[in-house]
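Colleague: Pasting a structure here, questions to come.
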Amino acid sequence: MAEAIKVPTMAEYMAEGKKPEVLFWVGCMGSFDDRAKKVTKAFVKLLSEANVDFAVLGTEESCTGDPAKRAGNEFLFQMQAVTNIEVLNGYEIKKVVTACPHCFNTIKNEYPVLGGNYEVMHHTTFLKSLLEEGRLKVEGGKFKGKRITFHDPCYLGRANNVYEAPRDLLRKLEVELVEMKKCKKNGMCCGAGGGQMFKEPEPGNKDVNIARTEQAMEVKPEIIAAGCPFCNTMMTDGVKSKDQEKNIEVMDVAEMIANAHDL
Amino acid sequence: MQFLAQILFVIALVAGVGLFIRNIRRIIRNIKLGRPVDRKDNPGERFAMMARIAFGQSKMVKRPLSGFLHIIVYLGFIIINIEVLEIIIDGIFGTHRVMGAAGPPYNFLIGAFEILAFLVLVGVIVFWTRRNISNIYRFLGNELKGWPKNDANYILYFEMVLMTLFLVMNATDYQLQLKEAPYYFRETGIIGSFPISQFLSPIFEDLSISTLIVIERAAWWLHILGILFFLNYLYYSKHLHILLAFPNVYFAKLTPQGQFNNLQSVTDEVKLMMDPEADPYAAPADAEEEEMPAKFGASDVMDLNQVQLLNAYTCTECGRCTSECPANRTGKKLSPRKIMMDTRDRLEDVGAIINKKGKFEDDGKQLLDDYILREELWACTTCNACVEACPVGIDPLSIILDMRRYLVMEESAAPNELAIAMTNIENNGAPWPYNQMDRLNWADEK
């Protein structure tokens, strides 16, 4: 990950009178959070590798409004949504891909009624389609045979029934995929959804991310695979609090694929 | 004498069914206190969902033991109702086992009822043990103390008694037929088959015919009066789910679980704010004014929609939602089951005021704070585990969200850190205080 990568913006495309195949919606965490930025870069490298004609909004992107809506601030959510939709529609965007299940859910499900209709994909689904089209090749590489468990993000899995795409990608890496007791439809939250990411939890006897990390540790994974920047942070914190950061890594599925390629 | 019994029976039947109808009408009236919601789309899909989830109990078996036992009790309930039909006909017309004329099919049915009654008895005893002796997380919640726990046990005792009465009635009937008692004995042979009660029957062998008749009649009467009583107990009990599970599943949300509803009233305001040509002082059109809700979000049951209120009456308090709730499992105050129970309790309290005074008068209470605490609402991660876990399609999350909307939009009462995050979103387009102009900096970072 030495040299800076070329990331075209929609404005640049527009200036050239071109349209990209897909808009990469980076999201707030993907743009600002140090850990999530690594996932963003890994995904961009994969897009370049697969010769995908993509663009980002860059400084024109704003929060989708997901945390506001789920915290009950429908006004703020709709203000954000309407502004974002104006930008997206202005660029005549058809297809959106994002590495954040919260952005994915909001743009896919909650923007249409406000006038934003796009084909929205989670990055794992998009990567899977690139594989199927033969544009991207994935082989085991350095993850071959490693014991890995996938933590289902609520807003990808239960909320939108995407369970198989991330797992299919992991299988391509020839890992030993082990499932937690609570997985897929019955998966447990990392504790960050619904605005919880931005506040201290209510008093209880344990934090949700610790409980979830314990569930993951039950299956003794070398890597906890994530598909959401929120989950990634929460599980990383959980692993740290258990002093297991030397034994268990938390990685986004896209990062793993990029790493397997030594991108 | 015979006529007297028939008259008493008809009086009991009319009173029982009449009271039941009054209760149902009250429920409908209370549910209609909620805001209307359109769930009339996709009737085909809705019927299929109802057939699968409510009738077919597909979500019950996610927990195999309680699911399997529940299916037995459920089948027992449905099938034994056919027997109740015969009891009602016999009661009104003074006949005895009127359907017995059907011969072998009747014998088969009675035999099947007996086996089911026995299985129900076993199932109910296991249920009682699980509830009272086994340490099962979802039966230990604070919200289950007192009436809810007693209610659950009363239902189980009731079912035990009803099933026992049914078997005693058959056992004595069988003895009376063997002893060729007038009225019970028919030349054509034994009416009914008694695969279970034949084992009870020897207990009654040495009794005289008149004593047997007394026992048989007592069991018959107690059985039907018990059923009529139970019918009216439903209204006061979590057992209401045996009726409401069906409409509740039918009207459940069909859209993706992650899709939260749009508030049209907010959309109208936002449009007005974003439209440079809009006159902010213009009076809204009359029609629009009518549609505008009195407030954003929900602080009391009347602010919730009718499906949410139906949800509250349907809740069986099984706690599958709560046992899947990540907040609850980590010791926080939130319990989705309690959200549903509180909503029903409040709705019942509002209904009681209407019963008494003819219309709702402010009692100084509301769902928020007096029933559901803010701490519960803010502990929710909106993960939808409770919605997924509910075997009858209840959506506690929608109530939590509507109440959060009230807290934020009417009271500006979000927890401080969340309020800061929201201010950041408003000013910087991100929940953190970063500049929107820095959004693409990652691309240049090594």
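Cβ coordinates are placed from backbone N, Cα and C, and glycine is handled just like the others.
Sharing the feature lines straight out of TrEMBL:
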type	residues	note
DOMAIN	B:306-337	domain '4Fe-4S ferredoxin-type'
DOMAIN	B:369-400	domain '4Fe-4S ferredoxin-type'
TRANSMEM	B:6-24	transmembrane segment
TRANSMEM	B:68-89	transmembrane segment
TRANSMEM	B:109-128	transmembrane segment
TRANSMEM	B:154-172	transmembrane segment
TRANSMEM	B:218-236	transmembrane segment
Colleague: Over the domain '4Fe-4S ferredoxin-type' (B:369-400), work out the mean pLDDT and round it to an integer.
Modeller: 98
Colleague: Within the domain '4Fe-4S ferredoxin-type' (B:306-337), how many residues are helix, strand or coil going by DSSP?
Modeller: 20 helix, 0 strand, 12 coil
Colleague: Within the domain '4Fe-4S ferredoxin-type' (B:369-400), count helix residues (DSSP H, G, I), strand residues (E, B) and coil residues, in that order.
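Modeller: Counting residues per DSSP class in the domain '4Fe-4S ferredoxin-type' (B:369-400), I get 17 helix, 1 strand, 14 coil.
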Colleague: I need to check the long-range neighbours of the transmembrane segment (B:6-24): which residues 6 or more away from its ends have a CB within less than 8 Å of a CB in the stretch?
Modeller: 88, 91-94, 224-225, 228-229, 231-232, 234-235
